[in-house]
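A.B. asks: What TrEMBL lists as domain 'ACT' is D:4-86. The active site annotation in TrEMBL covers D:228.
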């Protein structure tokens, strides 16, 4: 059985030795270890992949309990332990743009993403045909100024009923309010169509065109209450020139957006992301 | 004799035919032509390289006069005509960072830049040794709040005396005031150590580190009165991660800065840049 | 009505003026012009987009005839004239990998590609489900050493019956023989999963891994008889490290392949590619 | 006192715990750890930075001896232990191109490289002026077919006399023979002006131009007997188009070459490179 362990705690001497020694004592083998120390914040971060295959008596529950009491508690660790036989559940939120949805669903269908997709939510009917193409349940929950709170209740109900672990705003053109965010801290992945922090907010390609930039970008980040200001997971860029119109920016941007979002989703699924101080540690 | 002609005018039918026909009639051959139409602004832009080698009677002065009256005037063109035997004069402004200065001077010394460098101005003594290494006159003009206006007068005097065509702020850590800018519109090239418009102003690497970006950049632009907001000539980026400290950002950034600035200087020297609406057209 | 004109001919003085003058005389407006001279080969290339909207008497057939006799013939031009109301027909060849197929079909379905897709051919049944998802006819034509010639006859028959203009090998794992290539010179677009000319032939990711490269690539090119040696349309790369397995190379490569192939298809559709001396001119 | 430890050995359970435990027992603190397992080759790699500042009794010699007997021997490790107060000695070999030399020397002069440069060797006199600019001894050792062996003896003598740790071929246009390589295994850094393995050997830009590639590259690698086939340290690329001449390729390439070579030199100096199976592990 494989487990992935994510740790952070105040930095001090001896952590790596203690953790790896504990795993070894329990019959596990460390097959990957990456660590990082933020020297300004004095925080230690570590990600381990361990293999207990040789250990036929391994109980994930027992291991977790013992790890928490013997290691995590004395070092004041926050830690997460994932068992790779548990498949996470990911919901998708979309509006009218289809490129990110198509990209995620085709990867999903190809077995590229180790995930279940219980449903797609949209405030528009436009992309139902894609949900149908891929046999994923599609819930149309219209949103207006007046019904926003009720609509979000409906969204929350679906998320809870299906025990969704995290969800992805795949060019969802509504602002998700604190009511939902508070239930899913660092569990909502957004794609913003600019190289943040440049051009936060609406119409970034128009703003980039007006400014005359020579490079455009896309940014995937965890959603926080501050608009387009959450911890950045992944960014990428493409060159543009005076010869490109806003329409060209948008077309080039589509390719960036879908690739950057899918990379972020994969990193999240592989448990390679940790968040602190509104920043991420992204393990290799 | 080779000439480079830069044109912009209100867009209308027939411009290319008229211009190329005129050049041909004068015994010239168009060896390069690139044009662009900004459809929003309805402006036509064109860059031509022409060769009058076969035409032994060619007079640059006569050609210019005739071009202005026969072509530029009726089409309401702004145009610039450069003769490639005239070597432009470029001054350098620096403070304490040496990487951009070293990069420009080593290219200059290698014959990579078709330019004269009459002098280097600095508000500090630190880099005089490099000027000495490369045998370029170095003027130390200290700047304080109190003497800024007088110091700029001194700078202007040098620029005028040496008939400088344009100058480069090679990590010059002072704001150039309107007094100077007004004499050199689109003739002052700056390098800013961020991917503008993100992180304009001071300490961009610190700001980028704090924001947790995954990509840093550098931007070369013409200097206008609005700080770090002039027309962008060239940008480039490099990836960073949580494992990089601010010091690492700065070290990575140095390589970006010097390459981006040198590319911008080359584009300017090759007459491949045109400015309008606070943006640039960069010809291929 | 909009037309796109592609020209190449021996370089000489006066071509641009003659062509633009002719178009203007016929009531057309040049809305885009890009030209290139290969000085080694002494060949002139030009791409024009023209608009005859103001000219209600415009006949494409008449224009073509007159252009050929008045302009193309005296300059010894090869030229192609495309009317933008004619939608080209593109077939797709696939085997078992689905990422390029999904990418092209989702762009097609979104209206991103100005093209008709009459059918998909595959030597395997595996991807029929995707053809079904997108309602495109799917022909399964198995290929073995023994039946290859007959199978290609069947492919040719389909291509001819549907009047296919060009076709795309979207990770089609068979070598297309001269019998087919000779009917579609510079009309077959392949994606090779390496940065050509490095790692031509089979298993490029394995070869790249073995060599320990730090960057992998993908290359889209026109198919010629020389394997993986046709004119390159588009290339892109991604960084890798020692920490990536061959499986990681392949996963990273999938994203490169689909983006690079789609860019090449778009360039072809926009008539921005010209081929000569086994190289391409790619207009902006 | 800071030390950097590089380890490789057959993979087995418990290595990380043993090594970190040993360091801790000796009063050291692990301030950085990165490890990698090549699963095909079953080799474990690790790089540690350790700090013995708190430990006033620390003796590097004693530590090394104890580490070798207590840890390295039982695990059959190859290991290297570097003390950061020891400044390595790097020689430079050049011919006629100056861009890499200028780039390295200006970084050196700026304090960017933690290294001593005892001398520059060249088979031509052309770049002596740069050695003079930077006050570095310059040895002109001409090389012809006839005198090659004697010339290399002279080179070796200089390398040995100055106790050079490693040296850099900064566009040195001679093949270094086994006689020298055998004394400096994985200690000679070359820059090749192509994206290896494409275009190995002479005139890679000409070959790239002929092939019509859309991206060019540069590769820095350790020199082995097989020409341009040694372990790759660093690569980077730049886009080109049909509009670029061979001269443009060369100019673009110069910037790539100098940046890629300097990155490789830095990685080597930071002890972030390990070589095995003709490949490198490059630590973060």
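Note: Cβ is positioned from N, Cα and C throughout, glycine not excepted.
Situate these features within the shown structure.
C.D. replies: Across the domain 'ACT' (D:4-86), the model assigns an average pLDDT of 91.
Counting every protein chain shown, 19 other Cβ atoms lie within 10 Å of the Cβ of residue D:228 (active site). In the three-state DSSP assignment, the secondary structure recorded for residue D:228 (active site) is coil.
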A.B. asks: Take the domain 'ACT' (D:4-86) and count its residues per DSSP category (helix H/G/I, strand E/B, coil), listing them in that order.
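C.D. replies: The breakdown for the domain 'ACT' (D:4-86) reads 24 helix, 32 strand, 27 coil.
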